[in-house]
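First the structure, in the form of structure tokens, and then the observations on it.
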Amino acid sequence: MSFGIEQKRAFFVLVVSVLIIGFANGVKLEAFPKILNSSGDNITLRWEDISSPSGKDWVGIYSPPDSADDRFIGFIYLSSCPNWKKGSCSINLPLINLRSPYEFRIFHWDNSINARPVHGDRNPLPSTAHFLAKSQSVTFRNLNDPAQLHLAFTSNQDEMRVMFVTKDDLKSYVQYGLGEEGLDEVAEAVSITYKQSDMCDAPANTNLGWRDPGYIHDAVMQRLKPGKRYFYQEFAFLCIGEGKRKEGQHGNIPQSQPAEPGAKQPSGLRKGNSHNPASSWPYKRNSCQVTKSKGK
């Protein structure tokens with residue numbers, strides 16, 4: 001029995017496809033925990049049963065999870081794990097709250113695959129030709145956690161500006177005062193955002209690499225007394241029907257510049273980060289569930 005050229009070609013494609021699918025289906029990739037509390041928390045990536053591991057096998061980091069294979073936002077070589085040659089190992093890495101879930105995918109890559117430079121630094125760009133496995137999605141408990149906190153001076157010596165970012169357009173404000181338990185003053189924040197169409201030119205206004213910036217909240221703390229340390233807490237409310245959810249971070253105000261030689265200004269230390277569950281902070285209103293991130 002003889003085969004024609006087209007039949008041989010189809011048979012070859014079928015065999016290769018079966019081999020690749022079988023190779024991929026045998027590999028397992030797990031990411032845990034599935035829900036993270038705070039930006040910067042670690043996850044563990046654990047993979048098993050890579051039958052022919054290569055020193056160039058890699059795991060891609062994807063956010064959002066429906067990103068195409070070649071749209072990874074970062075990658076790690078599996079050889080960064082000491083036992084990678086066994087085909088099973090695990091690594092830990094911190095994740096930043098990008099206001100969208102993550103997914104992880106493993107790809108096989110060896111010297112038979114052409115290397116291309118990336119960022120002009122002569123390092124090869126990983127190939128996505130040989131997919132092995134992907135994880136379930138990983139997300140943060142609260143995608144609206146206030147993030148990217150910034151403190152700044154204004155043109156007035158008794159003021160300081162607090163800015164932070166959330167995923168959605170939430171009603172927000174900053175409470176502040178002279179004591180950690182006495183945040184008696186309130187500064188309401190205004191929020192703004194920008195769209196892809198607002199950017200001037202490519203690549204900023206193209207789909208490649210574009211990420212929704214969320215909403216930037218801006219509040220000004222006023223009537224600050226010279227030479228005093230102030231504590232502050234920023235909050236954001238998400239209202240759905242009668243329910244309201246509140247998030248925030250807490251810290252101290254850094255020292256501002258003196259208005260003139262010898263003048264004293266509000267002083268303090270920069271804030272830190274940690275996480276407390278919602279149950280650790282009392283309700284401000286009956287309809288508000290509260291979470292809090294606190295630091296000194």
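Cβ atoms here come from the backbone N, Cα and C positions, even for glycine.
Summarising the annotation, TrEMBL assigns domain 'Purple acid phosphatase N-terminal' to 146-233. On the 0 to 100 pLDDT scale, the domain 'Purple acid phosphatase N-terminal' (146-233) averages 90 in this prediction.
Here TrEMBL flags 246-296 as region 'Disordered'.
Per TrEMBL, compositional bias 'Polar residues' is recorded for 286-296.
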Residue distribution over DSSP helix, strand and coil in the domain 'Purple acid phosphatase N-terminal' (146-233): 3 helix, 41 strand, 44 coil
